[in-house]
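Scroll down for the structure; my scribbles are underneath it.
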């Protein structure tokens, strides 16, 4: 283990045991010759002002920049709602798939610190690029007044926009999968104090994230909408610069965990070894002792040992020991032919979670509408609160966040303890039940959204004002957003906790990236649905459901379609959830193990 830690995984330098981040100590391993191990000296709460400060400013910057981006594309780039929705969905898909690549690079090559550092620079470049767009006239189309024929962006203007969004995607791809694990790295999970610190870190992380969202969706969006796009984009850019400085200030107190190879290599090895041994016959359970390769977990490792299971039994062939496949020191002579039981069970964890993960795509497709067509609805409603103040369209999604913020303390403090007495379950209900309840709320939200859109559109057509605004308050959108807030509280937080608990400890980067892939899949599905409906629902003298003028279309049918897909998705989820087996671990007691 020590040799592995001392290997240089990249040309980038990491703290050595002599620089104060680790303490070197001698430890007896049951023999006369002492074995050298390294005891980590955690950064702990000394590092948290820099870790949480960097994360808070980065989130405030990125969310503040993009919370109102749909309106920016509609009003500054003169796009129609279908084109603007496609830009946002494609960008969101790319931004949420890239973290999987970022996790691989971090785990296998450069570590979390350098991944966050490089990604922060790219994010800063992206924000600076997007701030220049509204500032310099040659980087955006000329302004367009109501009733005029608007001129769209030319190729160079679109290219500059795509470049800025591309930089942001690269930045998010490195920061998102590493920020939480890097914070956890600062604590020693083998001690009670460290475990308490990790739990407290998660609380502070999500609390700061919620506060950031509320500030970004109110103050920053208001400046963009009512003062200036340049100032509204410039503030997040400055905050990102502060985030970058704060992150590097903390370099002397961080704990740096060296990259020890990507878990994805191990996953591929299991499938390759299984294929090479596909013709072997699996032994009977009573005759399996000593047949499978099952080395012990290194002492002091945070990884918990997984027992061999019969789920996806064919994968067990990868652990069958053949002649000359085990070295004299007990290691595998060829990792592409012989894998350990631990490796195989880690792959099984991934395989059995994939069906659950897939159900999140349609659920999140409903949630994704808050940033696209809900904004289009709001722009055609009365957004005034009093004679002077007008609610920015992009701010409305804060209603969902307020719902989450109010509901979670009530749920955790009152409802869970009451349900726990009945179910005897630690969380009151299982994580899969929590995810399923969130799906129900997302379906209800889409149904309500469709009903409200029909009322809004009929009102706009009846009054036929020149600007097409319906004389009904924008707060009519609150019910669908409140329901979506409950969907997020149950489904999103349930998914994140489910992935982190069901994946082994060394697959934490996969767990954190998997939810991003859910968002990416939802973004691409949303874009696909929008384009299909845009091209197939027009006819008989009527425009398509999602035509440029929302008052001439039928967005409510789009909402009902998503609700219908959600119902089918819910039935599929119930089917797989009833058959899902939660992860088991081996607990060792006096040399004996039990699941």
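Cβ from N, Cα, C; glycine included.
When the ranges 41-59, 60-78, 250-268 are checked against TrEMBL, the one recorded as transmembrane segment is 60-78. Range with TrEMBL annotation region 'Disordered', chosen from 1-40, 81-120, is 1-40. Packing against the transmembrane segment (230-249) from elsewhere in the chain are residues 50, 53-58, 60-62, 64-65, 68, 116-117, 120-121, 123-124, 127-128, 130-131, 133-135, 216, 220-221, 223-224: each is 6 or more residues past its ends and has a CB under 8 Å from a CB in it. The stretch in closest packing with the transmembrane segment (558-577), judged by the count of Cβ pairs under 8 Å and taken from 90-110, 158-184, 204-223, 350-369, 514-538, is 350-369. Tallying C-beta pairs under 8 angstroms between the transmembrane segment (204-223) and each of 60-78, 116-137, 472-493 places 60-78 first. Between the transmembrane segment (514-538) and the transmembrane segment (116-137), the number of CB pairs under 8 angstroms, six or more residues apart, is fewer than three, so the stretches are not in contact.
Among the listed stretches 60-78, 90-110, 158-184, 350-369, the one sharing the most Cβ pairs under 8 Å with the transmembrane segment (116-137) is 158-184. Two recorded stretches are said to be in contact when at least 3 C-beta pairs lie under 8 angstroms, sequence spacing 6 or more; the transmembrane segment (350-369) and the transmembrane segment (60-78) fall short of this definition.
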